[in-house]
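Undergrad: First the structure, then my questions, so here it is.
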Amino acid sequence: MDSTPHRKSDHIRIVLEEDVVGKGISTGFERLMLEHCALPAVDLDAVDLGLTLWGKSLTYPWLISSMTGGTPEAKQINLFLAEVAQALGIAMGLGSQRAAIENPDLAFTYQVRSVAPDILLFANLGLVQLNYGYGLEQAQRAVDMIEADALILHLNPLQEAVQPDGDRLWSGLWSKLEALVEALEVPVIVKEVGNGISGPVAKRLQECGVGAIDVAGAGGTSWSEVEAHRQTDRQAKEVAHNFADWGLPTAWSLQQVVQNTEQILVFASGGIRSGIDGAKAIALGATLVGSAAPVLAEAKINAQRVYDHYQARLRELQIAAFCCDAANLTQLAQVPLWDRQSGQRLTKP
């Protein structure tokens, strides 16, 4: 049987050492361009991209997306990430806390409030675990464990399907999700892990009462590729590799979710490589922009390397807003987007 901590260590190693970006698929952001303003009416340093979300003030609309936990190595990574989130005024999600639910002695690998008392912090469990004995008690434990402001429930059907000993029982989850959302005292964020969320699924998630949807689209890390590198069976490895281009590109998924929902927060992650991608995502309707894998190697070294990485992305975001004559997030969300290939302006909801 594949232990959860061992799997977490494998994931870190593979993401760092192997090429696990989706093959033959991109985020779709490269097809989009923001309308440039040659004469901005705002000073660069006056651009203010701050917001308040669930009672927490953020300096920038950026999220350090969920990465890891459950091992001593993960503890240090999470501390570095949290220190940077605190210093820059951005949000952070922890990796799946299933390992610590199974073994409370591992809770320390997720606990970061000592270095990040003020950040918007998200707990994390797999939604499919609601079919394996998890419920309100385990969800509340995950939240309490890290003093979280909200709970991520991640969706990873493809990863589970190609993973050794993956969870195969997915029927009946809608009603369990709705019951948990109603009972839990903090907001629930439902996110994919790199294959995107469609418009119809987003609409049903809104009907369930979730607080936010993180599209986590295709074009970044492919978890079928990660699992292919873990497989020892030749046929299983081939099957996993063949799903490397599976999923909804992040930009496309984001458009679909925004168009099919109303008055729900939408986060954009999945292959976000620059602040320019982030600005495009906000112009498409995202409230927060998340990134993870590009900084993992830096997080293995020290907090300063992580800080430098995210500071650069945030500077890019600020410059992009400035060059669109957007003084704040509200104005950035209204900036026109154009399709490079067709030359057509995108229609926004």
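Start at 1 and count along the chain as shown; that gives each residue its number.
Yeah, the Cβs are placed from backbone N, Cα and C, and that goes for glycine too.
These came from Swiss-Prot, pasted as-is:
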type    : residues                                                                : note
BINDING : R7, K8, S96, Q97, R98, Q159                                             : substrate binding site
BINDING : S65, S66, M67, T68, S96, N124, K191, T221, G271, I272, R273, A292, A293 : FMN binding site
BINDING : E160                                                                    : Mg(2+) binding site
Undergrad: Looking only at C-alpha atoms, tell me how far A293 (FMN binding site) is from R7 (substrate binding site), rounded to the nearest Å.
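TA: A293 (FMN binding site) and R7 (substrate binding site) have their Cα atoms 17 Å apart.
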Undergrad: What's the number of neighbouring CB atoms sitting within 10 A of the CB on M67 (FMN binding site)?
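TA: I get 24 for this one.
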Undergrad: Max CA to CA distance in Å over the substrate-binding set R7, K8, S96, Q97, R98, Q159?
TA: 17
Undergrad: Pop the Cα-Cα gap between K191 (FMN binding site) and E160 (Mg(2+) binding site) into the table, whole Å please.
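TA: Spelling it out, the Cα of E160 (Mg(2+) binding site) and the Cα of K191 (FMN binding site) are 15 Å apart.
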Undergrad: If I restrict to non-local contacts, at least six residues apart, and a C-beta distance under 8 angstroms, what lies near K8 (substrate binding site) in its own chain?
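TA: For K8 (substrate binding site), the qualifying residues are T68, G69, G70, T71, A74, G95, A99.
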Undergrad: Would you work out the biggest C-alpha to C-alpha distance among S65, S66, M67, T68, S96, N124, K191, T221, G271, I272, R273, A292, A293, the residues that bind FMN according to the record, and give it in angstrom as a whole number?
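TA: The span, Cα to Cα at its widest, is 23 Å.
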Undergrad: List every residue in the same chain as Q159 (substrate binding site), at least 6 positions away in sequence, whose Cβ is under 8 Å from its Cβ.
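TA: The answer is G166, V193, W223, S224, V226, E227.
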Undergrad: Select the closest residue to K191 (FMN binding site) from the following binding-site residues, measuring between CA atoms: R7, S96, Q97.
TA: S96
Undergrad: Return the count of C-beta atoms lying within 10 angstroms of the C-beta of K191 (FMN binding site), excluding that atom itself.
TA: 27
Undergrad: With every protein chain in view, what's the tally of Cβ atoms within 10 Å of the Cβ of A293 (FMN binding site), excluding that atom itself?
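TA: There are 19 of them.
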Undergrad: Given the binding-site residues R7, S96, R98, find the one whose Cα is closest in space to the Cα of M67 (FMN binding site).
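TA: So, spelling it out, the nearest of the binding-site residues is S96.
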Undergrad: Pop the Cα-Cα gap between S96 (substrate binding site) and G271 (FMN binding site) into the table, whole Å please.
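TA: Their Cα atoms are separated by 19 Å.
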